[in-house]
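Working notes, structure below.
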């Protein structure tokens, strides 16, 4: 190392200063890092040998008083800074140094050495610079960043080498304190590496006692690395998990590699899952002296898998219920149509009314049940519009208060103004009433029912969990402090026909209908529940800019059907019985009726009979041209021709997706509903 610039003074002081310089020089030369000190004139005060060695500078430059520019020019001339004008490179770096600003940078030398350079200003505008060789540290960091799948193979491959190395280090400990220090440093580096690795690493010996655990492994079980060392496996992981993994541990200590998965309840009660691999530590003579443990947290992977399975199951159930609903609605249309015809054919006949009224009530109940099934399967047409949620919640609260016992207190809270959601107001009201009645049943002895509205910003992660686009949503949360649900029940609450009530009390369609309506509205549902604490169901609906809200149904168009008289309606329906009933309903409205069994036949009539004044067609029909295809034909051939589609279910609503002048009439329907639909189509 170069001596620092000598201080001035008398001879005794110079001798003392000489000893001081020798002491500082010796101390700096024992530092592995390069050190330089430059004064305010950018001349070298001192440097150590590590600096000259790390940057391959000749000893002649390490003389106090050497200008900073000499080092820079030496580097530039040998190409350390790449191609370019040497004088410009030197001038730029000298100017930067003259600012005496703290700095930190990494520099890759042509020989492959990676240096970390850190500069710190000193009083009077001098500065000290430290040069660290981080080549090996950088290499280790890049090794840590390798793919997780390579980690297990790496640990297995290193097992024998680590065992031999540890044995050699333990033997050297007895004779050489220097090697002992190196061993401690090596262990510290290894712990740093394993604590950085995104995995749970541990080691236990043949006595079933932990000798090591990295930070992640220890914290997984609620310990620190230090506190779990020298503890038995049973004590660290707990009795329940120990019983689960005991056989795998026994097999690993017998020399067999073992892999298994397990569940663990976290400190906050959350369920966590992990996959562990036990790698036997085998000496060269074949003796198993312990096991390495490599574990990976698979909680998120398991959650994602379960969510996908649940989504697929719900989708399959939805498709099944939608298909069944179509056939049932056709049957109910025939039943209700014939009952209506019988009642009109024999008016004021008590004997007939005695049988017709209960049958009609049962048929209407069946139609409502099918409607709820279609809502769950997301195949019930919805009429979405701008809904002022705060007003709707306020109005619903009054209805709910009349629907629950006085022992239940109903309150509302709004956390934001102008909460405008895009939804079907009628189905939203029905959903809130369903949730309120469920909350009522969960509080048989009374309690608190809170309905809260708020604006929620859903980020990418939350949107992925809810299967909705990220953005702003209006949230309506219904909270009770009732009995709550366990995890098993909570996992099934949205399944159709699943109910915790006694047989005959609940249909099991309430929450499934809510779920289907919200998903069909491009929203999401969040639910959380704890036994003996209560339940919160939060509905998320797309938020739109404030507009004229619509919180009620359109008024009835009345019973005046004069404008339908003599209108020639083309009835398109493949089911003969349904066609017969609808024909009678049209005739009773004063309409003339043409009939077609399929789309192709109907298209031919539309093309050749100009007198047709309206088309009433089923959506689902065989023969290659269904109701939607027929609607497209009508829009292309006679755009002004009124068109109403009938559906037992509708996977898409043509009124929203194909043409604004196409109306959908859900089966089964009454004569008044048919008349209103035709009125709308004719007046559009």
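Glycine is no exception: its Cβ is also placed from the backbone N, Cα and C atoms.
Taken verbatim from TrEMBL:
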- 186-256: domain 'PAS' (DOMAIN)
- 258-310: domain 'PAC' (DOMAIN)
- 323-545: domain 'Histidine kinase' (DOMAIN)
- 568-682: domain 'Response regulatory' (DOMAIN)
- 618: 4-aspartylphosphate (MOD_RES)
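Helix, strand and coil residue tallies for the domain 'PAC' (258-310), in that order: 12 helix, 30 strand, 11 coil [DSSP]. When the domain 'PAS' (186-256) is classified with DSSP, helix, strand and coil residues number 41 helix, 12 strand, 18 coil.
DSSP states for the domain 'Response regulatory' (568-682), grouped as helix (H, G, I), strand (E, B) and coil, give 50 helix, 25 strand, 40 coil.
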